[in-house]
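> Heads up, here are the entries from Swiss-Prot:
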TRANSMEM  30-50  transmembrane segment
TRANSMEM  107-127  transmembrane segment
TRANSMEM  183-203  transmembrane segment
TRANSMEM  227-247  transmembrane segment
TRANSMEM  253-273  transmembrane segment
REGION    327-397  region 'Disordered'
COMPBIAS  332-352  compositional bias 'Basic and acidic residues'
COMPBIAS  358-370  compositional bias 'Basic and acidic residues'
Amino acid sequence: MLDFLIYPVSGVMKLWHLLLHNGLGLDDSLAWFISLFGLVITVRAIIAPFTWKMYKSGRLTAQIRPKRVAIAEEFKGRHDEDSIREMQQKYKDLNKEYGINPFAGCVPTLIQIPVILGLYQVLLLMARPEGGLENPVPRSIGFLSAEEVQSFLQGRVFNVPLPAYVTMPAEQLTFLGTTREDVLSFVLPLFIVAAVFTAFNMALSTYRNIQTNDYASNISNGMFKAFLWLAVLAPLFPLVLGLTGPFPTAIALYWVANNLWTFGQTAIMHYIIERNYPLTEEFKEHHAAQRATYREQQRKKRAFLWTRRKNRLMMILTPHRAAELHAQNAEMTRERTERIRAEKATKKEIATKRRAAERKINQQKMEEARRRRQARRAGDKSNGEQPETDATDPSGK
């Protein structure tokens, strides 16, 4: 279903291999080895401008957050169409003033996902051919011919075959002229390096998120917590997958090159962002106030949970007070539940009113756009009709 994704990746690898092997005369194995790094350079070079826009847009979006909050406060309690329209226009003008594109952060992800899927498809298809390594069925992969795929299968780096992986059956390793120990001694340092640079990348991303996280948003806080867990687990993926799964030496090399490049690119872009777009004092004060409010909410939540657990424990230790403690827990829970429900109901009511007003505004915009299209078509049609002219005789009479 995703076979079309292998074409751009295989095309890039083919061009690098042709340049290195046919153009510069490098050994076939060395050419394939360097082609993996060439693939990283090509993909990252294409994505880099979009990644920069994403970082810049993210920083500027954070910078204007106090101004957006001020606009929201200005229109608090006003849900009529005129107010919503005016508020939307102010948001739009603010984004335009700071040159912010709300969709800038989507492009790198939209590019990287198909590239990554295509990459692993190509490398796995090349390293694990149909029919097995002993009797591979000649076949082309994307833009790579069957002969090029076969030359890749015969490629070696430091005498370790590119298709070999740690969990490969012993007979296949013997067929490739290597052993599990040789493969492990080569790829283990690679997976460790990949894990280390993954940790560095996640640490930089975590630091950026800590600087600009929107503590007033439950969605943002939830994503930040999930990212913290991911930052802990992500460095383990190269080690676990590399040592237990069918991940060939070629993918280990790609992981190292990709993570090293990503770390360097992220560090450089972060430095430029900090130098050219430092966080303003207005944002720092707003962010500190948001964080203090969030921490106070979390402190109250922990105090509530701790008190409830303590009361439950005391019910066991002091049975004669069980009814009293149970009633206390029930009252605490009821008050907290009612407060949360009231807050949610208020937010829901406001959101419902705003959605209704925004729906009407969008319908009006669609109707205006439809009328403009009709007027444009009518104008094009009238311009296309030739006006009738009275015939005149040659004498001019």
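Cβ coordinates are placed from backbone N, Cα and C, and glycine is handled just like the others.
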> Of the stretches 183-203, 227-247, 253-273, which racks up the most C-beta pairs under 8 Å with the transmembrane segment (30-50)?
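The stretch with the most close Cβ contacts to the transmembrane segment (30-50) is 253-273.
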> For the compositional bias 'Basic and acidic residues' (332-352), could you work out the same-chain residues 6 or more beyond its ends whose Cβ comes under 8 Å from its Cβ atoms?
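Residues 79, 304, 307-308.
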> Summarise the compositional bias 'Basic and acidic residues' (332-352) by DSSP state, stating how many residues are helix, strand and coil.
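Each residue of the compositional bias 'Basic and acidic residues' (332-352) counted once, the result is 21 helix, 0 strand, 0 coil.
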